[in-house]
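Below is one structure; the comments refer to it alone.
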Amino acid sequence: MSYLFLAGLLALLLMVLEWTQPGLATPLRPICDLRVLNHFIKEAQDAEVAMKSCREGCSLSESVTVPQTSVDFDVWEKTNGLEQAQEVQSGLWLLQQALSLLRTSVTNTALHSHIDNSIRNLLSINAVLRSLNIQEYTPPTSAAGLEGTWRASSATDLLQVHVNFLRGKVRLLLLDAQACQQDVS
Amino acid sequence: MTCFHLSRLLALYVTFCATRDVQGARGFEKKVSLMLKEEPENPKCFVESRKDFTCFWEEDEERAGSVDQYSFTYTYQNENSSSCPLRALPAAGGKRLFVCHLNRPQMFVQMDVRVHREETLIHSRSLLIELVFLLNPPANVTVSSMGQKGQLNVSWVAPPLKYMDDSMMYEVSSNTADSHVGKVARVRASSELILRGLQPSTKYKVQVRVKLDGVSYNGYWSAWSDPVFMETLPAELNLLMVSLTLISSFILIAVSLAMLLSQRRFVIKKIWPVIPTPESKFQGLFSIYGGDFKEWLGQTDGGIWLTPEYFYSAECPSPLEVLSELSPGPALPFPPLPPKASRAPTAGIKEDKDAMNGVDESDPALTERWRATPHDHWLMDRLRALHQNQESSLLESQDAYVTLSCNNHGEEGHPDDALEEASPLEEASPLEVLFASGKTALCESHSDLGSALRSSGSGGLSSQCSFEYPNHRAWRPKGPGYTYMAVADSGVSMDYSPMSRGDDIGNVIIYANEYKNEIPGLRRPFLSRQHPDG
């Protein structure tokens, strides 16, 4: 009886603490291992392949805004870290919106799992960026006229942009992250 | 002086640049040939680094036009198209290359390429530039043999590409100098590798090539680096193992030697068995006469051959006394009395038979002996003495006596008859002679024999002829001309059935020609023939 009472008391205490959210969260350990990102990239590629083989019920209802994925290394190296981070985070946000729209547009159930996976992975990348002490950035809501974006009208294009973005800018950002650089040196 | 130095420096620089260009050109040719093999699509595009993007296609010299006729346009996604300046290069096998080079390609974005010749689209392709990497082979490949045998440490310098070090994949091939089949080891994101499982004291050829791993970047396998040769360490002799092996082998040898020595006789008997020889049975045959059997028979008293028990395995032979009839005439045959009658019972019978019949036989040696008259006298005296002294003993003994003194004539006219008579009888046994002839003395003995036979019963007269000679008087020598030979027989197996006794008197020869046939060698001294001429 006494054990039960103690367990109940402990659970109550934890609930209270969770609810109040006291203090700062402990800083996350930086995720510098790029194998996590590689895993996300591979899953995005699987989704792209699945979309290419889809015949029916796999089209965008409307065009979506997607980020530019092209990387000119010279330009990239000249860009500072903050801008790079902002560019990446806004692109990730745009992709999340676009994939959510695709999820509602696509009726093919096989693709649903792929799209859900991709959305989950994008959120995980945000967490990785947070772990690297990259400041969070949310682009303004009116993203239509944003620089470095364009309108994609087909689901295939969207998923291709998704893959290219992860492989390009996101990866370069993670590679260049200061937190990881300090560990290496 | 400064001008001179400057000119020298300039010359060196130009040479250096030319060499670099030559090397670069050679490298480019290598890559072109690689691309021609690997990439099926046209135009063939590859990127060497972040800043060198090359596209080319190949055309036959005859059909190719000038460079101006061609146009190369590329379009990035969501951008305007651009044109790339072309240049023509000669290629092997009568071909021409048209090459487009871009310094700052954009990656991670789709690129559409179109090639036109005189407004005609000849090639079209859509690609992602970060997926067509063709790197230079790794440089500074060094191979060193580590402290352990069968291992080589290979290290190299990765291509200098920023952001791509962790995406690189290497292949290390190791071949022995004389074989084409070798091992290939793959390693990721590392610039060294330890080759294991190699043969000791062997020269190996090591080469390395690189490729991007395909997650973020992709491409083709680079060319193999220049080969590096290195020999592996020789196999070491582990001191402990060697000493253990030696000690255990010594112990094994010692144990086996001890076993062999303790079982020496057994081993020798098994390995070198004694070959059995019949020497023990033939005394002196091999040692004295060297295996000459005839010689040995002639010199010895016969030993085993003359013993009837060799044939019959019966009882010991009883002595046989042979009495032969002698005629006073010198022409008459006179068989010599054997000095040891007991040793020649069977032969004596034969001799006696021949003597009684007076059969001649052409035996010059015996004839000579018989002509010795002093010997005759001696014999007669001897016989008389024998009769007188041994009469009682003879009669009382168990031995059988057979008198073959029926033929008293011994004349020359009779030898023919005797010969005729004897010749068929020669086939028969001496006892047949005894029973066949109808002389008085013989009849007497015959009747006695019959009585004796009766007394012996129907059984075989196997062991000893145990009939006595009751009538002593008949034994007395009737004159000087008569010599009686008492034949003692033993070991004769005769089957006298009651039926056959009286009826088959003439055919009582039951036993085969054993005496006669078995000892042919002994006939010679005892055969007695009378030469008619004397």
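Every residue gets a Cβ built from N, Cα and C, even glycine.
The model shown is predicted, which means the values in this text are computed figures rather than measured ones.
Per TrEMBL, these features apply:
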DISULFID  B:CYS45-B:CYS55  disulfide bond
DISULFID  B:CYS84-B:CYS100  disulfide bond
DOMAIN    B:137-235  domain 'Fibronectin type-III'
SIGNAL    B:1-24  signal peptide
TRANSMEM  B:239-261  transmembrane segment
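Less than 8 angstroms from the CB of B:CYS45 (disulfide bond) sit B:GLU39, B:PHE53, B:THR54, B:CYS55, B:PHE56, B:VAL113, B:ARG125, B:LEU127, B:ILE129, B:VAL132, each of them six or more residues away in the same chain. Below 8 angstroms of C-beta separation, residues 267 of the same chain, each at least six residues beyond the ends of the transmembrane segment (B:239-261), sit close to that stretch. Compared over the disulfide-bonded residues B:CYS55, B:CYS84, B:CYS100, the count of CB atoms lying within 10 A of a residue's CB peaks at B:CYS55. Across the residues of the domain 'Fibronectin type-III' (B:137-235), the predicted structure has a mean pLDDT of 89. Look at B:CYS100 (disulfide bond): DSSP puts it in a strand.
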